[in-house]
Every structure is written in C-alpha cells, then in structure tokens.
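The Ni(2+) binding site annotation in TrEMBL covers HIS2. Annotation comment: TrEMBL describes CYS73, CYS76, CYS92, CYS95 as Zn(2+) binding site.
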Amino acid sequence: MHELPVMNGILKVVMKHAVMNNVSKVVAIQLQVGKLSDLEEKWMQHYFDYLTKGTVADGAKLEIEWGDVVMRCAGCEKEFTTEPGTDTFGSCTHCGGQGGEILSGKEYYVKNMVAQ
Ligand SMILES: [Zn+2]
C-alpha cells in the first residue's frame with residue numbers, strides 16, 4: 001500500500017507545523033490530493049490513524065479536497081481540465097486532440113490544519 005509512506009510524509013509536515021505553532025491537539029487536516037495520485041481516502045485515514053497514535057494528531061480527521069487534472073494538449077498546446085474515469089479523459093477541450101503533458105493531478109500536500 002503506497003498510502004503508508006505518503007501519510008508518513010504528511011504526518012511529518014503536520015508535526016513540524018504543530019511544534020512551530022505550539023499546538024497541543026490537531027483535530028482536522030485539510031489535504032489537497034490530485035485525482036491522479038492513486039491515493040484512496042479510506043486507506044489514507046486508516047494509515048493516518050495508525051501513524052498518529054499517541055501524537056498530537058491522534059484522532060484527527062482528514063478532509064480531502066480532490067484536485068482537478070490539468071493537461072497541456074500535445075496538439076494545440078493549450079491547457080485543459082480533464083476528469084479521470086470518463087470517456088473524455090485526456091481529450092483536449094479546445095481542439096479535441098488526445099493526450100499531452102500532465103501539469104497537475106498527481107500532487108498531494110497539506111493545505112491547512114485545524115488545532116483545538
Ligand atoms: Zn488541443
């Protein structure tokens with residue numbers, strides 16, 4: 001499960017901010033996750049719960065915001081947003097061309113955290 005190392009990395013960021021801001025309890029963490037990241041919400045929460053046992057983030061709820069996939073068309077070089085899992089995934093909304101460079105959609109990062 002690739003969520004484990006990912007959540008470990010996220011937890012490190014959270015702990016660093018908790019220490020910097022003198023937080024004693026983290027109740028929620030807002031994450032931005034690209035729709036192409038291959039991360040599953042239930043596994044993310046599962047591993048997060050496991051990793052945070054006994055830390056200031058113990059019991060914190062993950063609030064995941066799924067980021068759009070943005071590509072640059074190989075044909076017309078314009079940027080377009082595309083929805084994974086649909087028939088039109090990867091097709092340019094400007095010229096109808098197929099494929100191109102993925103500009104965003106695989107990233108994940110901590111957007112915000114809510115302390116008590
Ligand atoms: Zn195009």
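Note that Cβ sites are derived from N, Cα and C of the backbone, with glycine treated the same way.
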Alpha-carbon spacing, CYS76 (Zn(2+) binding site) to the residue listed as 'Ni(2+) binding site', which is rounded to whole Å: 35
Rounded Cα separation (Å) that holds between CYS95 (Zn(2+) binding site) and HIS2 (Ni(2+) binding site): 36
Assigned element (helix, strand, coil) containing CYS73 (Zn(2+) binding site), judged by DSSP: strand
Pairwise Cα distance for the residue listed as 'Ni(2+) binding site'/CYS92 (Zn(2+) binding site) [Å, integer]: 30
Beyond the site residues CYS73, CYS76, CYS92, CYS95: chain residues whose C-beta lies within 8 Å of the centroid, for Zn(2+): ALA74, GLY75, GLU77, LYS78, PHE80, THR93, HIS94, GLY96, GLY97, GLY100
Residues satisfying Cβ distance under 8 Å from CYS92 (Zn(2+) binding site), sequence separation of at least 6: MET71, CYS73, GLY75, CYS76, LYS78, PHE80, GLN98, GLY100
HIS2 (Ni(2+) binding site): secondary structure state under DSSP, collapsed to three categories: coil
Cβ packing number for CYS95 (Zn(2+) binding site), 10 Å threshold: 14
